[in-house]
Amino acid sequence: LGMEHDGQGNRCADETSMGSIMAPLVQAAFHRYHWSRCSKQELNRYIHSYDCLLDDPFEHQWPTLPELPGINYSMDEQCRFDFGVGYKTCTAFRTFDPCKQLWCSHPDNPYFCKTKKGPPLDGTECSPGKWCFKGHCIWKTSEQPYSQDGSWSSWSKFGSCSRTCGGGVRSRSRSCDNPPPAYGGRHCPGATYEYQVCNAEECPGPYQDFRAQQCSKRNSYYSHQNSKHAWLPYEHHDDAQKCELICQSEGTGDVVFMNQVVHDGTRCSYRDPYSVCVRGECVHVGCDKEVGSLKQDDKCGVCGGDNSHCRTVKGTLAKTPKQPAGVLKMFEIPAGARHLQIEEMEPASHSIAVKNQATGNFILNTKGKEAKSQVFIEMGLEWEYTIEHGKESLKTSGPLHEAISVLVIPQEEEVRSSLMYRYIIHEDLLPMIGNNNVLLEEMDSYEWALKSWSQCSKACGGGIQYTKYGCRRKSDNRMVHRNFCDNGKKPKPIRRRCNLQECSQPVWVAEEWGACSKSCGKLGVQARAVQCVQRLQDGTNRTLHTKYCPGQRPETRRPCSRLPCPAQWRTGAWSECSASCGEGVQQRQVVCKGSESGGRCEGNKPEAVQGCHVALCPGKLSGITASTAAGDHGTPKGPRVSQDRTKNPVSKISSKEPCLGDKSIFCQMEVLARYCSIPGYNKLCCESCGKKASSATGSPPATGPSTSPGTAAPSPAPPLSPRPTTPAWGAPTGDPTPAP
């Protein structure tokens, strides 16, 4: 299933010593075989997508399994499952308790015992009348052994707070060892760790985003693609990765996983101001700063409030710049504002810019930067900036930790800028109401409206679909962010049946056969795709699992072009040179491939034997020089012996080197005698081959080249003398020169 090992791909190293299933093999312990909290989380997240678990097993009447699986499998059989054929229980040493770990060995090497650290299956016979149960060898009983449920130890003291201000976390823990679960007893219910929010007061000075601080710390030392970057915080869309430290390069926009979790006390999400990350997991915190609390802020930040202290401020402002190409300040939004919305009234060429008043830094559209639609994180909040049909808009759910200034950067001279803004704020933080803004008393200016129907759950045969709701502004019926609507008033989804038409019978659809893999011979095959397809009402097709199609599936592979290939010469590799120095011969196999079917190979048969020359033999130089000189000045009485050298290469080789006996015991095997004609074999088994030759002819083995009519031959040398006195090859045969 591709699951992570505990402590290697995840943060559950503490559970490996307890015996978690996904512990790395070296660390595995088996006294409590269980899924770690990380494995549980991973399974819950992905198990619905494991298609291999969704198939129909066809046969539904399965036999009932024995309560203890080891009843049907001996320790020897379990060794075979673990290590392969032939493995049995290790007998080289006796373990104190054979049920602690299954040790196995192979009969070929019985003293080399192996284990995968796992215990034998419960119910495995460990000695007469006894079986293994939870790692212990106990007497067999008709009833299951008495199981002992685990019980918690007392809580430890709370540790130190993870942050000095801004909301940190401290934790305490307990162990399930009072007593531990045994003999299949249940593990302790409830959590091992308990958390508390601590030092919840805001940090002094301008607001600092804790996640952003962790990213910016890496600016000085973390390199990505061989260069340094300015790192901004990035929130992953997957809830399971909210507590990973992921940063985005300000320059390139690259998103990089920093391969570690955020510090304890970091907010899980910019959309939730209270829930925090602890030990790499998100812990839900209510607005009352209590872990696990379900209390929520109302629209203006009163914990558990009813919106009675909330005020909505709305304003519209139009200005024309006095100086060309200057920055035009439009208005300010105070700290504490929530559900902020800023929009252009009409399309314009200028850009909206936003500045943090506490720091003086621009958070949107610094002058000279190109304006583009984006979701970005600034001032510890997620902002959504869009440009649609030339009109800009900016939204955030807040709350603003510091006041902001909204400015306009004109692109042309004297273009009138017209902006609308709206936000909700607590009455105690309400700014002075002037000519440009009005106080809206009504809070129900937004409503939930039907947006669309979900996709039908089935393509035919009657499925179900549900209503999807969006948040709509009553004043202009425009859909806005869902945060503007009260979640408690969201209507329950309506369901209806859909795609009621009957499903057509699925059929097999086969594509054209592909090209043949071979043009001749016995191995040619061709393939094609075969799918189970159902025709839908709208004229489209959908592919189904093969079990839904009737009848036999058409074949997807078939033999093709199984014709004998035309006969052709095939050659093997050349053998090594028969001589280690001087001149020798090489051989290779030459076969007419395909002649067995009656064909004949065209053209001349390639050479099967050729001469070869290795470095000069030590001490032969003067003899060769002398023979060459003699040849130059003398008048040859016949052709050189070298012309005759390919007629009997075997005898040539044996004439050059003395036989010092067979070099292998296999030489004496009668069945191998036929290989004496091969130079390499003759050299290896010179003694046996010599005996065979002499017994065949009834005379000592010939060591000189054979004589043909009309060719002079050198005088025969004494056979197998320790120091050869045969003529030097290359000298004129009528005037032999002895070798030195």
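Using N, Cα and C of the backbone, Cβ positions are placed for all residues, glycine too.
Straight from TrEMBL, the features:
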- 1-57: domain 'Peptidase M12B' (DOMAIN)
- His5: Zn(2+) binding site (BINDING)
- Cys12-Cys38: disulfide bond (DISULFID)
- Cys52, Asp55: Ca(2+) 1 binding site (BINDING)
- Asp55: Ca(2+) 2 binding site (BINDING)
- Cys79-Cys104: disulfide bond (DISULFID)
- Cys90-Cys113: disulfide bond (DISULFID)
- Cys99-Cys132: disulfide bond (DISULFID)
- Cys126-Cys137: disulfide bond (DISULFID)
- Cys161-Cys198: disulfide bond (DISULFID)
- Cys165-Cys203: disulfide bond (DISULFID)
- Cys176-Cys188: disulfide bond (DISULFID)
- 628-655: region 'Disordered' (REGION)
- 655-693: domain 'PLAC' (DOMAIN)
- 693-740: region 'Disordered' (REGION)
- 693-714: compositional bias 'Low complexity' (COMPBIAS)
- 715-725: compositional bias 'Pro residues' (COMPBIAS)
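Feature map: TrEMBL annotations on the structure.
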residue: His5; record: Zn(2+) binding site; Cβ neighbours (10 Å): 20
residue: Cys12; record: disulfide bond; Cβ neighbours (10 Å): 26
residue: Cys38; record: disulfide bond; Cβ neighbours (10 Å): 23
residue: Cys79; record: disulfide bond; Cβ neighbours (10 Å): 24
residue: Cys99; record: disulfide bond; Cβ neighbours (10 Å): 24
residue: Cys161; record: disulfide bond; Cβ neighbours (10 Å): 19
residue: Cys165; record: disulfide bond; Cβ neighbours (10 Å): 13
residue: Cys188; record: disulfide bond; Cβ neighbours (10 Å): 19
residue: Cys198; record: disulfide bond; Cβ neighbours (10 Å): 18
residue: Cys203; record: disulfide bond; Cβ neighbours (10 Å): 14
Integer Å value for the Cα distance linking Cys161 (disulfide bond) with Cys203 (disulfide bond) is 14
Summarise the domain 'PLAC' (655-693) as counts of helix, strand and coil residues per DSSP. 28 helix, 0 strand, 11 coil
For Cys52, Cys90, Cys132, Cys176, listed as recorded positions, tell me which one has the smallest number of other Cβ atoms within 10 Å. Cys52
In sequence order, what residues of the same chain, 6+ apart, have a Cβ less than 8 Å from the Cβ of Cys126 (disulfide bond)? Met75, Pro98, Cys99, Pro120, Cys132, Cys137
Taking the Cα atoms as reference points, how far is Cys90 (disulfide bond) from Cys104 (disulfide bond) in Å? 4
Nearest to Cys176 (disulfide bond) in three-dimensional space, by Cα, is which of the recorded positions His5, Cys12, Cys165, Cys198? Cys12
What are the sequence-distant neighbours of Cys113 (disulfide bond), meaning same chain, six or more residues apart, C-beta distance under 8 angstroms? Cys90, Ala92, Phe93, Trp103, Cys104, Ser105
Least crowded of the disulfide-bonded residues Cys104, Cys137, counting other Cβ atoms within 10 Å of each Cβ, is Cys137
The residue listed as 'Zn(2+) binding site': which of the recorded positions Cys12, Cys38, Cys52, Cys188, Cys198 have a C-alpha within 10 angstroms of it? Cys12, Cys38
Give me the Cα-Cα distance between Cys165 (disulfide bond) and Cys79 (disulfide bond), rounded to a whole Å. 58
Whole-number Å value for how far Cys52 (Ca(2+) 1 binding site) lies from Cys79 (disulfide bond) (Cα to Cα): 28
Cα-Cα, whole number of Å: Cys198 (disulfide bond) versus Cys12 (disulfide bond)? 25
